[in-house]
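Participant: First the structure, which I've put down as structure tokens, then a few questions once you've had a look.
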Amino acid sequence: GQGVDEPLSATGFRQADAAGLFLSNVKFTHVFSSDLLRAKQTAATILGKNKFCKDLEIKYDARLRERKYGIAEGRPLTDLKAMAKTAGEQCPSFTPSGGETLDEVRERARDFFEFLCQLAVELEQKEQDVHGAASRSSGTSEEQLVFPWTNHCSEAELSFDNGGASKVLDANILVVSHGAYMRNWIGYFVSDLNCTLPTNLTKSQLSSVSPNTGVSHFIIQLERGNLLKPEITCVCLNQDSHL
């Protein structure tokens, strides 16, 4: 949760190192992290392994914090399940006293995602003002497209250049957050924004919590800067081949 702000364990640092090596060839334009210590350490470790953006500023955002679990924080998961059973409910929909509801977590995720979309639109406008639209399609930045999991995906899942449009990415954003929060964010993508999912993804995979340092990759297209109708494609979900 949020109330117990513990650092990464030795295992956590090893997992963050592995994630950093896995993502070392991906050139990020922005990095955002939860402001909880374990996420901050993970983000810093990942960037420390990167070949292109070691010095990129990490921006910390409270909207990326883990779900707040109230009186259950700092206690074993079995206690949370027992509280839910006593209340006649089941995890994860059960909200302990002082905790956040799933709707409240999803609202945080929605607010942060809309902020990212606005950031990408402003970046695109700034690029066009500086260079002119023609220069945007005058080649691709190869290092920005070296995603390590592309070998695991079909060509259809990666055909996001939209009929010959430039593959230069306006924003390539790394977001470091937490398991329960990310599960809610993905649920928002799927149920509210009709995110396209990999064909081999099962319902249990979709509803499961990511492993530590699991990587999910989403392509967001904003046609003509339309913030109200983002087209979202999930390339991979909770990828853990680096662990």
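The backbone N, Cα and C atoms fix where each Cβ goes, and this holds for glycine too.
Under the heading substrate binding site, TrEMBL lists ARG38, GLU66, ARG67, LYS68, TYR69.
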Participant: For a quick check of packing: other C-beta atoms within 10 Å of the C-beta of LYS68 (substrate binding site), how many?
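Facilitator: Result for LYS68 (substrate binding site): 20 neighbouring Cβ atoms inside 10 Å.
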Participant: Same chain only, sequence gap of 6 or more: which residues have a CB within under 8 Å of the CB of TYR69 (substrate binding site)?
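Facilitator: Non-local contacts for TYR69 (substrate binding site): GLY1, GLN2, GLY3, LEU80, PRO96, GLY99, GLU100.
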Participant: Roughly how wide, in whole Å, is the group ARG38, GLU66, ARG67, LYS68, TYR69 that binds substrate, by largest Cα to Cα distance?
Facilitator: 17
Participant: With every protein chain in view, what's the tally of Cβ atoms within 10 Å of the Cβ of GLU66 (substrate binding site), excluding that atom itself?
Facilitator: 22
Participant: For ARG67 (substrate binding site), which residues of its chain lie six or more apart in sequence with Cβ-Cβ distance below 8 Å?
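Facilitator: Same-chain residues close to ARG67 (substrate binding site) (Cβ under 8 Å, separated by 6 or more) are GLY1, GLN2, GLY99, GLU100, LEU102, VAL105, HIS178, ALA180, TYR181, ASN184.
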Participant: Any same-chain residues 6+ apart from ARG38 (substrate binding site) with CB under 8 Å of its CB? Would you list them in sequence order, or say none?
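Facilitator: Those within reach of ARG38 (substrate binding site), by Cβ under 8 Å and sequence separation of 6 or more, are ASP5, GLU6, PRO7, LEU8, GLY12.
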